[in-house]
Amino acid sequence: METDGDVLPMSNAFKLLCEDTAPKSNKKLIEKQRQIAQKIKNVLETSKNGPKIQYKNLDFWTEFDVKHPLHHLQKAVDATSSSIPEFQWTPPKSIVITEKGQQIFIEIPPKALGNRDFLNLTYAAKRGHFACHVARLLSGKFEKVEFTAGGAHRDDPIFADILVDGVRIGFYCPELAKTKRFAPNIGNLRPATIFEDLFKETEIATPKFNQRMLWSILELEIAQEMEKELKAQKTARLAIFLLGNFFENRHLQHAITPIILTARVVRLVKNGKITENQEILTVLRVIFEDFITWSADDVEFVDSVEDDVDVEEYSQLFDVNLVWKNLNLASNLTKNYMERMKKELTICYPLLGQVYAFDPIFIEKLPVFAHYDHVARLHINISQLAEHLVEFGIDSIDNRDVIHKFVLSFEHKIEQTMSERYDFVGIHDISSNAEKSTWSLSEYPEKYRQKTYLIGFRSTSGWKNPLTVGPPAQTNDAKEFRELWKETSELRKFADTRICECVVWSEKPSEKVPRAVLQFVLQKMFSLPATCFSWRALTSSSTSAEADQQHEKKSQEAVFKAYTDLSTVLRGLKGLPLMITNVHGISGYLRGSEPAYPSVFAATSSTNKSSEDQHYVLPEIGKIPLFTPTVTVHIKLEYSGKWGNDVEAIRRLTSSFYVKIAERLREQHKLTAVPTIDQLFILKSGIVFKIVVVNDRILTILEEDVQKLKDSGASRIESSIQGMRLSMWKKKFISEPLLQLSLQSFSTSHKFFGSTVQLFKKWLGSKFLSGHHLNDHIIELLVVAAIGKKGQVPPQSTWSSFCRLLSLISTHPWSARPLIVDFGTKGFSEDERSKLEEKFIKMRPILPPMVVIYEEDHLGSKFTRENPQGIVLNRLVAVAREALKMMEKQAFGEKSIEMETSLLTENLSPYDAIINLEPCAVVRKKALMERKPPAETSKFRQKIPVVELDPVDELVYQLNNSFQQVAMFFYNKYGGHHIGVMFKPQEDEVPAKISRCSLHKSVSDSTLRLNRDEILENIQILGQGIVSDVQLKKQ
Amino acid sequence: MDCCKKKRVKKVAKRKSEKVIHLDPDALRYLRFRIGGKYMAERHMFLKKDPSKENSIIVSNIPAFVGEGVVLAIIDQFASFEVEESFVQRSNTADNSLSQGQLTMSITFDKPEAVIQTLALCQDVGPFTITDFLEDPEFPSVLKDSTTLYRKLFPSEEQIQEMADTYVERYDTEQTEARKEAKRKYSEPDEDGWITVTKAKKAAKSVKLKKEDVPLIGGLNNKKKKVDLAYYTFQIKKNRQEKAQELLKKFEEDRKRITQLKQARNFKPI
């Protein structure tokens, strides 16, 4: 495949990273395992012949406190037959120990097996007896002996292995039968032996069972060949380890199991694509390319092509084929897993070799639900599948297999019915017993009567499509489509005169459409009750939640349209001394990142006391007006050399300019426009815009002032008045607009960005971390960092974005590394990142707790210099972690909770005092009645209402200003009715000094105590009209 | 700052002349008071002798809405001495605003015994009620301040234009005067009788000939350009060593960087 740009060469740093990640070889542990293995071998070789028993007698071992792995399948074993019905333990002649002593392979003597024991469960039963005898021999001599799931993927309890102090014992029999006897289309397991008389057919293909049997024949041979091929390939072994981490961190390890991964690498070694002398980066690239180009349509061979393998046969019976000596190692894979694996690898392939992408690729791990845009929970009980046992009972041995067959069928149906709606789907076993792959000798393996799965979708733009469009009518495909959808399918004519089969789910795009499709699949196709399936995504299915989303979307669209219209108007204004050349909106409302609380539209004032000549409304002193936001817009004028050299003069001239613009807007466009000294307010389509002229001449003057200061030999220019003025101006009119531009571009390319930021802001508010604790720009930068993080498949929904955001906040090492935000257009190169990190480490003692670096701020403290404080950052990390746990509970838990409500629940318990606010003072909360823009045909010109006046914001600012020495204040900007007060512990008692006595009272000659009553009284005085009462908690 | 309106209530303080108090010069004394009305929490002002100024005391933890006059009136209740000077020193607010937060003020008396008596008696009197000293007790609030400030943001268009015209006119006048003053410097002698001399137009520059344009201008004895080649053995060795050193340095930097990344990986935020 072609890569983007040049291929990054191998660097020493990357090599060090890879080698340091490799597991350290513990020589003592290896030696201990070797000794254990050798001891096991001695015990078995010196054992005596066991008693003769009937192989159907699975209860024989009970008296020795050992349970046969097939004990729960007694009926199935009774239905088998063998030419040698007796079983007798004889010391094995062949016991092979791997080089590192981690595994022992014991050959079952061929004498114990009849000629046709490979049929049904005969061999499995005898193998079980063999394992039970070994377990009995070893249980008194070793500390810990237990059964463990066997098979190629270590997930098969029927063909159980034994685990002895970390050493695995496997049992194989290469002479059981020839490998071609286990071709996929041959039936070696009669369903009647498992499910009694349910089936009449005797020859049904059992491809899965055949693979399980094949592994027991070929296990040692394959293991030895793999070990031989990889013995000299140190680099390849390291690559296998790294890729194992890769798949595990993305929750793909149950699909891409170590045996598959190792087989693919062995295949590359055999083909000469991986050699001993290659660097780790080259080997990784080769392996990545191999997996990415792995086509599910081809039957591939680990070794050379095997002529006795019927390729067509394998292709029909398995989704994915990776054949080695007739054994399909990839028989457990499905196309969906392949799609997701390829997606993940393709994202990471161009990043190989980058030092700072190593951790996201190979080390960091997200929760499983964070990989998907929509998640659901499926709980299956075996009794619910009774009607489909004819279908799922074929090629199944126990309940686990039946449920597994159902899941595969369900996955296939999902692909048939809604493949156009998602990129990939993942089905993950989240049952409480999912991790129990080992069990005690005296216990049975899990019976698996019920299973729970998490089903995740990565959605596409067609996720909410109200139609499922089928093939054209009167074709064979149309018949299949109608058979699939039954009576719900109908014919529909499209604009291009096509007549197609179509299923109509809704009249407009909606989140409910994919839910309806899946409910159809479960109920109509599998006869399952609706209660076994529940969606666990962030957005609830209630009508009000969807209405909220529509409201926010319409608000943003209205703002953007009004802004576009206003830009055209401003650029086209005539009669001004200088033309307006540039209009740049820098408000969060334009990209939907600011919640429309209560509304983006202007409030209508019922009182009309002001004179008719005025175009604006003023608040009454001491009364709280309705809240109206403003959309800030920066404009630039055409160049002029006549501004002069005085900042104040420019300011005055600009205010005069505002007056002239307002006059023109009123005369030419009938808009309500109100000029002030420093800005101009315009009412357009019911939305208030705040226009600010940005004059580059001011920058020049300020820079000249600083230069004069430098020329005069002054030191510490940054802290001088001139230096501070220049830096503040640059921050407000250069840095912030540039950042806003990047954010605007990012939100355009990521449609869910705005909704994620809104959710984050509301969530921060519910945790009382609104306002000054986290700058609005930092909030948006954090979301950009979470969405645009390299090494992960990017999210496509608010749910997954928010999950990753919480994960980023709670796992990023804020003290040790900066957060480098990359907008994706032109990122930092490796060298640049290296320098940034190095500079961070040098300056760490004087940097703030949170450091966020982006293109316009290489120091990373422009917006975090004062806030958040360390204690607030710690709290943010803690509540983020707590929220992740809540989301995990939502995804995995038995009962579905109202996710948004739970996430946004306030908790008042941590605070020392609670300030209760008057309801009328909380002006920025969700409106009960939706505001609407005024009708265009209105005869009366609307006045500009009171704008940007939030009494709670003002109060919190003043509280921090007055009491920041002794207390911290926390509140929810978006509808919170309380302010939390936290007194600083170090201020409880202070020495009696004049410099420490503010807000304290004397308790002795040498000690002052914090006067909490005084503080709360002052709060009430400051908050008259806003604060209803203040409650001090008991100490 | 604007003080609240004063209302003097005459109270007769009982003087205990027999009391003998030995004051530590650095001791911090307190004065109990409360606001009044529904605000009845006991508060403490703190008084201390000002060591940097004679006959002065420092009073701290004064609510900004109380005002300077009320503090003076309170002290006058038990120490009726003439005040020479009083002013607010600072505030504990983040923006150093004297209209918010808790204030610290300085009071200077005419006589030194005023300081002694004030510090001696302040802890035994009171608690005083602030509203007793105010004719119309009305405290500022955030809501009133913000709504009042909002109203000031909207002058009329005529006012905006007038302010702009006035300032620009004055600015133009100043600029004109500055220009005239500069011009006068060059045409009239100053106090010492000197006239500033400015640069006149320079004559045309003479054309400089370049070496390349005139052959043999430097003669035939041009030095050969030094060829940057490692000609000697020690130079070859030196170059090789330098490259090796650079490589080692880079390796060390890489190792250091990877170590830092690994340490950050193990770091837990809490």
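Going from the start of the chain as shown, residues are counted 1 onward.
Every residue, even glycine, has its Cβ placed from backbone N, Cα and C.
Note that TrEMBL annotation is computational and uncurated.
Remember, it's a predicted structure, so these values are computed and weren't measured experimentally.
Taken verbatim from TrEMBL:
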- A:104-228: domain 'Nrap protein' (DOMAIN)
- A:237-365: domain 'Nrap protein' (DOMAIN)
- A:370-526: domain 'Nrap protein' (DOMAIN)
- A:543-748: domain 'Nrap protein' (DOMAIN)
- A:750-898: domain 'Nrap protein' (DOMAIN)
- A:908-1030: domain 'Nrap protein' (DOMAIN)
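With helix defined as DSSP H, G or I and strand as E or B, the domain 'Nrap protein' (A:104-228) counts 55 helix, 25 strand, 45 coil. Under DSSP, the residues of the domain 'Nrap protein' (A:237-365) split into helix, strand and coil as follows: 72 helix, 9 strand, 48 coil. On the 0 to 100 pLDDT scale, the model's mean across the domain 'Nrap protein' (A:104-228) is 83. In the domain 'Nrap protein' (A:750-898), helix, strand and coil residues by DSSP number 83 helix, 6 strand, 60 coil.
Residue counts for the domain 'Nrap protein' (A:908-1030) under DSSP (helix as H, G, I; strand as E, B; rest coil) come to 33 helix, 31 strand, 59 coil.
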